[in-house]
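Annotated features, as they stand in TrEMBL:
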ACT_SITE  LYS11  active site
DOMAIN    67-145  domain 'GHMP kinase N-terminal'
BINDING   PRO95, VAL96, MET97, GLY98, GLY99, MET100, ALA101, GLY102, GLY103, SER104, ALA105  ATP binding site
ACT_SITE  ASP137  active site
Amino acid sequence: MTQVTVRAPAKINLHLGVGGLRPDGKHALATVYQAVGLYDDVTAVEAESWSVGLTEPVDGVPLDDDNIALRAGRALAAHHGLDRAARITIAKGIPVMGGMAGGSADAAATLLALDRLWDLQTSDDDLLRIAGTLGSDVPFALLGGTALGTGHGEIVTPVEDTSSVWWVVVLSDEGLSTPAVYGHFDELSPDAPAEPPVPDALIAALAGGCPEEIGDLLANDLWPAARDLRPDLVDVEVTLRSMAPDGVLLSGSGPTLLVLHEDVDEARTTVAELTAQGYRCTLAPGPVAGAHVVTYA
Ligand SMILES: C[C@](O)(CO)[C@H](O)COP(=O)(O)OP(=O)(O)OC[C@H]1O[C@@H](n2ccc(N)nc2=O)[C@H](O)[C@@H]1O
Ligand SMILES: Nc1ncnc2c1ncn2[C@@H]1O[C@H](COP(=O)(O)OP(=O)(O)OP(=O)(O)O)[C@@H](O)[C@H]1O
């Protein structure tokens with residue numbers, strides 16, 4: 001085998017409960033992740049030295065050692081004590097700096113692609129542990145589906161989700177920095193609990209699979225901070241709430257906004273209406289699978 005391509009999904013947080021700042025500079029979380037159908041494809045090929053490229057140019061993606069996919073590749077090689085390298089090529093389908101964890105998807109995909117390319121047989125526990133050292137959202141990108149995230153988001157536990165929904169994903173032309181949003185959260189919420197509570201009602205609603213119940217329970221503690229940093233999002237939110245009062249959500253640290261639909265035709269109508277008003281949006285099903293191999297060559 002000389003080449004492996006792995007596809008990894010974007011994520012949203014159906015619930016993002018944020019607690020206090022920890023000594024490691026991250027916040028305690030109680031979050032419910034859902035993987036949704038926007039994907040990056042990552043291809044790994046053995047090479048003399050590490051490098052990363054894109055199939056098409058995309059603003060904001062570093063093509064040097066700052067790329068999290070390269071950090072992932074090096075971390076896996078180090079874990080196995082290997083002096084090997086690879087060329088990593090990314091086809092981006094996940095918005096950059098959109099709060100949908102595109103970089104994390106690339107890191108997860110790279111771990112899996114190199115594990116298969118080099119036949120390393122890394123255990124799932126080790127892959128998840130290495131993923132957690134790369135970023136809070138990376139373990140979930142391996143797992144996919146719907147899962148509870150605790151710790152700083154890196155401890156992932158699958159939750160039963162019998163729903164099958166469509167998200168209208170409303171994109172923003174400008175990204176939002178995750179550390180800046182968390183930093184402003186600290187200013188707004190100096191009394192955040194050390195450990196945010198697990199959203200039991202949402203977890204029960206997901207097992208039941210009723211989109212209306214799920215829509216009622218969507219929540220994101222970072223929303224007030226994102227609104228302050230990006231006041232233009234408020235108008236977008238008002239427009240979306242006039243279409244779906246209970247199914248509107250900020251994705252992660254933003255600025256992407258989401259509208260929940262049970263019915264794909266209704267979701268398509270919402271996309272058409274928003275597009276006609278000048279918004280840039282797309283459709284993504286949820287939940288979907290985590291990182292998985294799509295091609296061996
Ligand atoms: C907003 C979310 O996407 C929700 O799932 C994540 O919490 C962010 O996850 P991520 O981008 O993988 O974040 P990391 O790469 O781990 O951390 C980037 C920065 O985000 C902030 N950060 C991240 C996770 C967390 N639980 N608390 C934080 O305060 C910190 O400033 C950290 O330095
Ligand atoms: N492979 C990558 N793809 C995209 N961005 C990357 C990648 N590697 C590093 N980055 C850097 O990571 C930053 C965040 O990018 P990303 O698209 O993952 O944001 P995000 O979706 O808001 O993340 P999250 O939801 O996990 O907070 C970007 O500013 C970019 O410079």
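Numbers run from 1 along the shown chain.
Even glycines carry a Cβ here, placed using N, Cα and C.
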Just checking: which of MET97, GLY103, ALA105 have a Cα that is within 10 Å of the Cα of ASP137 (active site), counting only these binding-site residues?
GLY103, ALA105
Write out how many residues of the domain 'GHMP kinase N-terminal' (67-145) are helix, how many strand and how many coil, based on DSSP.
45 helix, 8 strand, 26 coil
From the recorded positions listed here (PRO95, ALA105, ASP137), select those whose CB sits under 6 A from an atom of ligand 2.
ASP137
Which recorded positions from the set LYS11, PRO95, MET97, GLY103, ALA105, ASP137 come near ligand 1, judged by a Cβ under 6 Å from any of its atoms?
ASP137
Limited to the domain 'GHMP kinase N-terminal' (67-145), I'd like the whole-number average of pLDDT.
97
Taking the mean position of the Cβ atoms of PRO95, VAL96, MET97, GLY98, GLY99, MET100, ALA101, GLY102, GLY103, SER104, ALA105 as the ATP site, which residues outside that list, in the same chain, have a Cβ no more than 8 Å away, listed in sequence order?
ALA10, ILE94
